[in-house]
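**Student:** Okay, handing you the structure first.
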Amino acid sequence: MGNIMEGKSVEELSSTECHQWYKKFMTECPSGQLTLYEFRQFFGLKNLSPSASQYVEQMFETFDFNKDGYIDFMEYVAALSLVLKGKVEQKLRWYFKLYDVDGNGCIDRDELLTIIRAIRTINPWSDSSMSAEEFTDTVFAKIDINGDGELSLEEFMEGVQKDQMLLDTLTRSLDLTGIVRRLQNGEHEEAGTGDLAAEAAG
């Protein structure tokens, strides 16, 4: 699968923002390459449940665009750009990669349910008006057009964009700007601990 950030990197963030993020990145990661362990520490994501840990690993892999096992500064900026300023289509492509845990190009019900549960463990701003199971059932009922129990990228992109409720819910559940803003305010030590470490209730 191609780089979802093609043509989108540093230019999406202002020079001031880039300087601030570069300073923070190099202060906390002097090697210039962020490992998965450092990624967890950097974002304050520690003492997580197994499902939440799997989600963090999947998020790391989607941001590691060249698949070398590290996130360098350019990948880091591209990720921030996507999270903070990405267009709907870009974000949906990234959401799809995040949900497609086994990387086979389709999302099945178990993959979606696993990630939704994990997201709710980590992200206290995510929508909780429906249980994870109810939300997963709703997604498949609305956008699994051919009824094969799997969502292709095309089904996912078209279906979500046509359904404002799904689009709004997915956007809220995967809104990492709260974590990013806390990082900007130097509060990352507290993020992802305490009650967020509890296993998500379906």
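Using the three backbone atoms N, Cα and C, a Cβ is placed for every residue, glycine included.
From Swiss-Prot, for reference:
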- ASP64, ASN66, ASP68, TYR70, GLU75: Ca(2+) 1 binding site (BINDING)
- ASP100, ASP102, ASN104, CYS106, GLU111: Ca(2+) 2 binding site (BINDING)
- ASP144, ASN146, ASP148, GLU150, GLU155: Ca(2+) 3 binding site (BINDING)
- 31-49: domain 'EF-hand 1' (DOMAIN)
- 51-86: domain 'EF-hand 2' (DOMAIN)
- 87-122: domain 'EF-hand 3' (DOMAIN)
- 131-166: domain 'EF-hand 4' (DOMAIN)
- GLY2: N-myristoyl glycine (LIPID)
- ASN3: deamidated asparagine (MOD_RES)
**Student:** Taking every residue in the domain 'EF-hand 3' (87-122), what is their average pLDDT?
**Tutor:** 86
**Student:** Can you work out which residues elsewhere in the same chain, 6+ from the ends of the domain 'EF-hand 4' (131-166), have a Cβ less than 8 Å from its Cβ atoms?
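**Tutor:** Distant Cβ neighbours of the domain 'EF-hand 4' (131-166) are 88-89, 92-93, 95-96, 105-109, 112-113, 116-117, 120, 200-202.
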**Student:** Within the domain 'EF-hand 3' (87-122), count helix residues (DSSP H, G, I), strand residues (E, B) and coil residues, in that order.
**Tutor:** 26 helix, 3 strand, 7 coil
**Student:** What are the sequence-distant neighbours of ASP148 (Ca(2+) 3 binding site), meaning same chain, six or more residues apart, C-beta distance under 8 angstroms?
**Tutor:** none
**Student:** Using C-alpha positions only, work out which of the binding-site residues CYS106, GLU150, GLU155 is nearest to TYR70 (Ca(2+) 1 binding site).
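**Tutor:** Nearest in space to TYR70 (Ca(2+) 1 binding site), counting only the binding-site residues, is CYS106.
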**Student:** Determine the Cβ neighbour count for ASP100 (Ca(2+) 2 binding site): the number of other Cβ atoms within 10 Å of its Cβ.
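**Tutor:** ASP100 (Ca(2+) 2 binding site): 23 neighbouring Cβ atoms within 10 Å.
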**Student:** For the domain 'EF-hand 4' (131-166), how many residues does DSSP put in helix, in strand and in coil?
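**Tutor:** Counting residues per DSSP class in the domain 'EF-hand 4' (131-166), I get 25 helix, 3 strand, 8 coil.
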**Student:** If I take the Cα of GLU155 (Ca(2+) 3 binding site) as reference, which of the binding-site residues ASP64, ASN66, GLU75, ASP100 has the closest Cα?
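**Tutor:** Answer for the nearest of the binding-site residues: ASP100.
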**Student:** For CYS106 (Ca(2+) 2 binding site), list the number of other Cβ atoms lying within 10 Å of its Cβ atom.
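**Tutor:** The answer is 18.
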